[in-house]
Amino acid sequence: MSTLAPLRLLRDPSNASEGNQSNATVGASGGWCQGLDIPNELFLALGLVSLVENLLVVAAILKNRNLHSPTYYFICCLAVSDMLVSISNLAEMLFMLLLEHGVLVMRPSIVRHMDSVIDMLICSSVVSSLSFLGVIAVDRYITIFYALRYHSIMTLQRAVVTMASVWLASTVSSTVLITYYRSNTILLCLIGFFFFMLVLMLVLYIHMFALARHHLHSISSQQKPPTAHRGGSLKGAVTLTILLGVFFICWGPFFFHLILIVTCPTNPFCTCFFSYFNLFLILIICNSVIDPLIYAFRSQELRRTLREVVTCSW
């Protein structure tokens, strides 16, 4: 799968050099540097599965009034971000196939504009996914440490402002990234944002689990049954930790790819790593497929509503 510009530059940054890239790096790459030949059908299949799954999550949250809370609104926004990944992937694949088979004939200027729109969707999904994972982690943190004041802290108005701010920031940042995609400064900002959100979530989760462990130890020493609130909070923290782990595994290689673009675009090892860009794209799409499965498996209320949505029990 060949990606559109400017994402084509991310796949093979050596193409951006001014002719000073030596062919020796390619010759010294060896067999493992040939990359993976991933069929287009796999991209299409994963994109369709992710699209359907996340649509079901959004429909379930909208259908069940018990899920009309800031926490599930944030989860709904994360599902929409995952849908953006699927939609942009499907749009890119269909657009490329139509062009390659001569079914769609367009002027180069229009093709470039279409490229930019699709790339903006992809970049916006990256920033919004990271942001909403951080927002969900903060929301869960408030639920555990400020349970009695949660509804006064996380009001519906503040939740709406938070969601609108994230979408606005994602749109603006993706526009800037696509416009100045050749600048290493822009890539460094994106990488820095990824690590900032990762550290933020890790700190919050470590604190949450430390508190949960302390309470479980106190309960066991006093031989008291655990309360439903603490059990639910611990379950929610486990769910978000799983989401964080899945997100890091699926997005980590892509951001490591960006780091190598900035630090060693012509190094033989780096050029070999660049050849696996298609695999990194597959992992990103897999993240969009896995997230809804975690929601449905961990949330009994959402799981029940999903069954009703699938069976059309409106």
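Glycine too: its Cβ is placed from the backbone N, Cα and C atoms.
Taken from TrEMBL, the feature domain 'G-protein coupled receptors family 1 profile' applies to 53-295. The transmembrane segment annotation in TrEMBL covers 42-62, 74-97, 117-138, 159-179, 185-212, 233-261, 273-297.
By the count of Cβ pairs under 8 Å, the stretch nearest in packing to the transmembrane segment (42-62) among 117-138, 159-179, 185-212, 273-297 is 273-297. Residues 4-7, 71, 74-75, 77-78, 80-82, 84-85, 87-89, 91-92, 95, 162, 166-167, 169-171, 173-175, 177-178, 190, 193-194, 197, 200-201, 204-205, 240, 243-244, 247, 251, 287 of the same chain lie 6+ residues outside the transmembrane segment (117-138) yet bring a C-beta within less than 8 angstroms of a C-beta in it. The average per-residue pLDDT of the prediction over the domain 'G-protein coupled receptors family 1 profile' (53-295) is 81, rounded to a whole number.
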